[in-house]
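Below: one structure, written as structure tokens.
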């Protein structure tokens, strides 16, 4: 015997929430893949300075997002199917998956908040090392290539923390090509541009995480209410 009355409304409401959750999983997966293949981040994070690769903390977070998006799509489908079939077993499994996902999201959020400045800091240190090598050693072609990639990708020139090297940077043609000396001097320093690059992307991820967390809380409540309704309807 199927559910009736308010429980039936909850059933379809849960289906709608799960469909939205499934779509959110698809959006997160799509955004993660976009961030993974975004030309700006790809150009910078695939660089190597001698035997030292660029910091990969950002990409670790992106791979986690890809996994989360895929799992969300699976869990959303499970919830939709469980609600339509009025299956207590599927809804119980769905609830358990949601609790695990929610706990993982909270843990990831805490880790992200604690380390939110570390990604940009690591990339800035990598840039500074390359800049110093490129200016000090005329034969450091690898370092010069790294610095030029930073400058052309971010449209910046030099660093305020290494202001003494600015003249050498201009003299060695390490600033974006096609710009004159005055325009290069007026460009933002690369530390500021690196901060802007990663803070914008982390802000986008943070908004998505909050929206998904709210949806998950509603889904956990609705799935338990529907489970109780199905159990009670089978008694009568």
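From the backbone N, Cα and C atoms, a Cβ is placed for every residue, glycine too.
Per Swiss-Prot, topological domain 'Cytoplasmic' is recorded for 1-12 (among others).
Residues annotated as transmembrane segment in Swiss-Prot, with similarity to another entry given as evidence: 13-33 (among others). Tertiary neighbourhood of the transmembrane segment (13-33): same-chain residues 62, 65-66, 68-77, 79-80, 83-84, 204-205, 208, 211-212, 215-216, 218-219, 222-223, 226, selected by CB-CB distance under 8 Å and a gap of 6+ residues from either end.
The topological domain 'Extracellular' annotation in Swiss-Prot covers 34-63 (among others). Across the topological domain 'Extracellular' (34-63), mean pLDDT in this model comes to 75.
Note on the transmembrane segment (64-84): residues 11-12, 14-15, 17-19, 21-33, 35-36, 90-91, 93-94, 97-98, 101, 104-105, 108, 205, 212, 219, 223, 226 of its chain, located 6 or more positions outside it, place their CB under 8 angstroms from a CB of the stretch. If you look up Swiss-Prot, you'll see 64-84 (among others) marked as transmembrane segment.
For the topological domain 'Cytoplasmic' (85-89), residue counts in helix, strand and coil come to 3 helix, 0 strand, 2 coil, using DSSP. The topological domain 'Cytoplasmic' feature in Swiss-Prot is assigned to 85-89 (among others).
Listed as Cβ neighbours of the transmembrane segment (90-112) (distance under 8 Å, sequence separation of 6 or more from its ends, same chain) are residues 61, 64, 68, 71-72, 75, 78-79, 81-83, 202, 205-206, 209, 212-213, 216-217, 219-220, 223-224, 226-227, 230. Taken from Swiss-Prot, the feature transmembrane segment applies to 90-112 (among others), supported by similarity to another entry.
Among the features that Swiss-Prot reports, topological domain 'Extracellular' is placed at 113-201 (among others), with the record citing a curator's inference.
Taken from Swiss-Prot, the feature site 'Important for interaction with integrin' covers 116 (among others), and the record attributes it to similarity to another entry. DSSP gives residue 116 (site 'Important for interaction with integrin') a coil state; it is part of no helix or strand.
Taken from Swiss-Prot, the feature site 'Important for interaction with integrin' covers 144 (among others). Taken residue by residue with DSSP, residue 144 (site 'Important for interaction with integrin') is part of a helix.
The annotation site 'Important for interaction with integrin' is assigned in Swiss-Prot to 148 (among others) on the grounds of similarity to another entry. Note: residue 148 (site 'Important for interaction with integrin') has non-local neighbours 174, i.e. same-chain residues 6+ apart with C-beta under 8 A of its own C-beta.
All protein chains considered, the CB of residue 156 (disulfide bond) has 22 other CB atoms within 10 Å. What Swiss-Prot lists as disulfide bond is 156-190 (among others), and the listing cites similarity to another entry.
In the three-state DSSP classification, residue 157 (disulfide bond) falls within coil. The disulfide bond feature in Swiss-Prot is assigned to 157-175 (among others).
The transmembrane segment annotation in Swiss-Prot covers 202-224 (among others).
Proximity of residue 219 (cholesterol binding site) to non-local residues of its own chain (separation of 6 or more, Cβ distance below 8 Å) is seen for 14, 17, 18, 21, 79, 94, 98, given in sequence order. For 219, the entry in Swiss-Prot reads cholesterol binding site.
Residues or ranges marked as topological domain 'Cytoplasmic' in Swiss-Prot (evidence: a curator's inference): 225-236 (among others).
Taking 144, 156, 157, 175, 190 as the recorded positions under consideration, the smallest Cα distance to residue 116 (site 'Important for interaction with integrin') is found for 190. Counting every protein chain shown, 20 other Cβ atoms lie within 10 Å of the Cβ of residue 144 (site 'Important for interaction with integrin'). Neighbour count (other Cβ atoms within 10 Å of the Cβ, all protein chains): 14 for residue 116 (site 'Important for interaction with integrin'). Taking the Cα atom of each, residue 157 (disulfide bond) and residue 190 (disulfide bond) are about 6 angstrom apart. Residues in the topological domain 'Extracellular' (34-63) partition by DSSP class (helix H, G, I; strand E, B; coil) as 18 helix, 4 strand, 8 coil. Between residue 144 (site 'Important for interaction with integrin') and residue 175 (disulfide bond), the C-alpha separation comes to 10 Å.
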